[in-house]
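Asks: Residues or ranges marked as domain 'G-protein coupled receptors family 1 profile' in TrEMBL: 41-289. Annotation comment: TrEMBL describes 25-48, 60-82, 102-120, 140-160, 199-225, 237-259, 271-291 as transmembrane segment.
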Amino acid sequence: MKTENYTGVREFIFQGFTSFHEHKLTLFVVFLTLYLLTLSGNVIIVTIISIDRHLHTPMYFFLTALSTSETLYTLVIVPRMLSSLVGLSQPISLAGCATQMFFFITLAINNCFLLTAMGYDRYVAICNPLRYMIIMNKRVCAQLVWGACSIGLFVATIQISSVFRLPFCYRKVAHYFCDIRPVMKLSCANTTIHDIINFLISSLVIVVPMVLVFISYVLIISTILKIASAEGRKKAFATCASHLTVVIVHYGCASIVYLKPKSENMRDQDQLISVTYTVFTPLLNPVVYTLRNKEVKDALCRATGKKPLA
């Protein structure tokens, strides 16, 4: 590949949704609506959990952390994406791109491991209920959240150091934010080693928590099936349904994007999948945990002065 004066590349330009040029206004309205719903939903969840003492439990502590992380996650990506849809997109500097990528990676990995911690919480609650509050004490919960964040920070630092050590020849990022693969394609250098490192790291931070969640649910389901009463089994399944729904969508989208082989002809498909985990999945969290969770709905009723649901 010809190395054209790469020292002159000081900023990138997002190509965004060029294939959907005729529908940009429609996309803007849809994404803005979803973004506002996501922000308001997560703020409501965090506020309700904070003020309602009935929700001061390990499960809702993790949910607060996840909602906060999801809110920051969307703030890193969606505003710039929305501005590009209405023609207000500005070039992003190398430092700005590195910063966006750093927070994106940190928060994405943080979300993965928070979901794993929530899976462990459900495992303890169902498989070892008598010792639940002893095992899942405040210190353990704080350590799990801090551990999730630390892994995200550590991996992001490695990834950013690897990607932005490369020389860049081209400016146009074939995406709507600074993701690793689209940015590395702008390099003049051979990125084979970086691609391998990126794939290995992506595999670890997606597959490892996914396997841990899978093991948790194998143990959870085997325990639930041993419960004698149908009502008891139904109640136990209900406590896991919300988390399991979010897990399937989150890990499913991440696996499709980051664990599949590279393809030059799949940009539009990759963008649509990216929209799923940057716009739709953060909204899924507050929707699932409010519409499917009786405790949260009762807390909302108490906060608004209405009678809790029967």
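Cβ coordinates come from backbone N, Cα and C, glycine included.
Could you give the neighbours, burial and distances for every feature on this list?
Replies: Within the model, the domain 'G-protein coupled receptors family 1 profile' (41-289) shows a mean pLDDT value of 85, rounded to a whole number.
Long-range contacts of the transmembrane segment (140-160) within the same chain: residues 58, 61-62, 65, 98, 101-103, 105-110, 112-114, 116-117, 120, 180, 198, 201, 205, each at least 6 residues beyond the stretch ends and with a Cβ under 8 Å from a Cβ of the stretch.
For the transmembrane segment (199-225), the residues of the chain that approach it from at least six positions outside its boundaries are 109, 112-113, 115-116, 119-120, 122-123, 126-127, 151, 155, 158-159, 233, 236-237, 240, 244, 247, 251, 254-255, 258-259, judged by C-beta separation under 8 angstroms.
Sequence-distant contacts of the transmembrane segment (271-291) (same chain, at least 6 residues past either end, Cβ-Cβ under 8 Å): 17, 19, 31, 34-35, 37-38, 41-42, 44-45, 63, 66-67, 70-71, 73-74, 77-78, 81, 108, 175-177, 179, 242, 245-246, 249-250, 253-254, 256-257, 297, 300.
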Asks: What same-chain residues lie close to the transmembrane segment (25-48): Cβ under 8 Å, and 6 or more beyond its ends?
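Replies: Same-chain residues near the transmembrane segment (25-48) but 6 or more away: 17, 55, 63-64, 67-68, 70-71, 74, 78, 81-82, 85-86, 275, 279-280, 282-283, 285-287, 289-290, 296, 299-300, 303.
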